[in-house]
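Visitor: Handing you this structure, nothing more for now.
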Amino acid sequence: MAATDHLVIFDTTLRDGEQSPGATMNKAEKLRIAKALEKLKVDVIEAGFAIASQGDFEAVKSIAENIKDSTVCSLARVLDADVDRAAEAIRPAERGRIHTFIATSPIHMKHKLQMAPDEVIEQAVRAVKRARSHVDDVEFSCEDAGRSELDFLCRIIEAAIDAGARTINIPDTVGYAIPEQFGDTIAQLLNRIPNADKAIFSVHCHNDLGLAVANSLAAVTNGARQVECTINGLGERAGNASLEEIVMAVRTRQDLFNVDTRIDTQHIVPASRLVSTITGFPVQPNKAIVGANAFAHESGIHQDGVLKHRETYEIMRAQDVGWHTNSLVLGKHSGRNAFRTRLLELGIQFDTETELNEAFTRFKALADLKHEIFDEDLQAIASDTLHDEEPGRYGLVCMRVNSETGVMPNARITLMIDGKEHTVEAEGSGPVDATFKAIESLVDSGCNLQLYSVNAITSGTDAQGEVTVRLERGGRIVNGVGSDTDVIIASAKAYVEALNLINCSSLRRHPQVADV
Ligand code: KIV
Ligand code: ZN
């Protein structure tokens, strides 16, 4: 192995991550995440599946127009219409990639595609050639490679490389692989495919057995030079390999991996926070690298060791991944210019002065309540403002909640519904229950509450609470996120946002269903 090969970091938070139930993001949110990924210096940003809907197409195009330092990629099935739509969406990009895929496992070919293996090869070759007629940078994936036959993988990959694919991706789509075996598959493919040296081999591992990162690293040891991953491991079902874990593993154990990435690791924690705030998927406290406890030393023995010599119990420095960059940025007396400048530094740009003014008003109100405003608070203000720019059917006008020992909590709430104010009162087992019951007594949504979670955005008792509410109706799942220094108000905001999302979320094509 060469001294230090470059390991391409391909981030698919905006595509596979968004396939997580409820993680749907709008165009402005996707652009904010894309800018955070560019700052992180990921090599390739998979911005979406352009043919899924008009909204997805617009989001990929807007990312292609705005991102300069990362390649912007769109996913496409092997259909002509998919490939052409992907090409159109990434056209403005300085560097654009089309990523086309078809399933290669016996079970997918027989039951999902209902195609003979030779037909699958023919479709793959056609799609790669068509993609190459648009761009030089074409990636081909063998969906469900983890359960595909090695001989068939060798045949289809050789044909795809001959047709012009420059990256070959081996996905473990259902998270079935085991590290030693998956690493061996990569080694065999590299050894047996005659034109393997003409492409970069990539892996894309799902986490159904909790092995996505381990499988990806085994693949790197055996010659893979691109890893597909997501921030916080977001993704379908149990998620994808987590970017932060892959990057820090190869960096911390360079003695074993001999690969380098371009990632500016100090931006990892801010990117993780941003993805969590936007999607409403909280990060578990004991999550490696980005969990709140990842660098906290609870036991006295560990604390003693760390104080004497940090490396007794720490293999990475918290600052290197962006912890403790939580500096006080703005306060009560900060002006509009300082506010705008800091937002720009965070990659937040409003389309209109009205939006900026509204965000500034929110900032002033918050600064009156909590005095110290951190980057995380600014991100939450930006999210609230951008959501308000897409008015839904429902809006929270005002609320009052009574909570007293020995008395049933009561909520009085005024909602705007289709432009008209309605006020109602309800009791509940707690203040949040009373609030949600009051809202439901007005809207009668028929939704099931699947998740309610509260996180503090920053530390201290004056911190804003960030609430996620996940609602389900007819199989459709959405996450609403609300923030406020009062967690009951944050809960109402999150519930109202989820109701608006479930009413307006339109049907999109899913890339991995069979309509090839
Ligand atoms: O998991 C998978 O197989 C995918 C492909 C579309 C690359 O996400
Ligand atoms: Zn996937």
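Cβ atoms here come from the backbone N, Cα and C positions, even for glycine.
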Visitor: To which of Asp5, Asp11, Asp16, Asp433 does TrEMBL also attribute binding of Mn(2+) at the site defined by His204, His206, Asn240?
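Guide: Given His204, His206, Asn240 bind Mn(2+) in TrEMBL, the matching entry from Asp5, Asp11, Asp16, Asp433 is Asp16.
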Visitor: If one looks at the chain holding His206 (Mn(2+) binding site), which residues at least 6 apart in sequence have a CB under 8 angstroms from its CB?
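Guide: Same-chain residues close to His206 (Mn(2+) binding site) (Cβ under 8 Å, separated by 6 or more) are Pro171, Asp172, Thr173, Val174, Gly175, Ala212, Gly235, Glu236, Arg237, Ala238, Gly239, Asn240.
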Visitor: Near His204 (Mn(2+) binding site), how many other Cβ atoms are within 10 Å of its Cβ?
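Guide: Within a 10 Å radius of the Cβ of His204 (Mn(2+) binding site) lie 30 other Cβ atoms.
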Visitor: I'd like the Cβ neighbour count for Asp16 (Mn(2+) binding site), meaning other Cβ atoms within 10 Å of its Cβ, all protein chains included.
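Guide: Here the count is 26.
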Visitor: Quick check: with Asp16, His204, His206, Asn240 left out, which same-chain residues have Cβ atoms within 8 Å of the centroid of the Mn(2+) site Cβ atoms?
Guide: Thr12, Pro171, Thr173, Cys205, Asn207, Ala212, Glu228, Cys229, Thr230, Gly235, Glu236, Gly239, Ala241
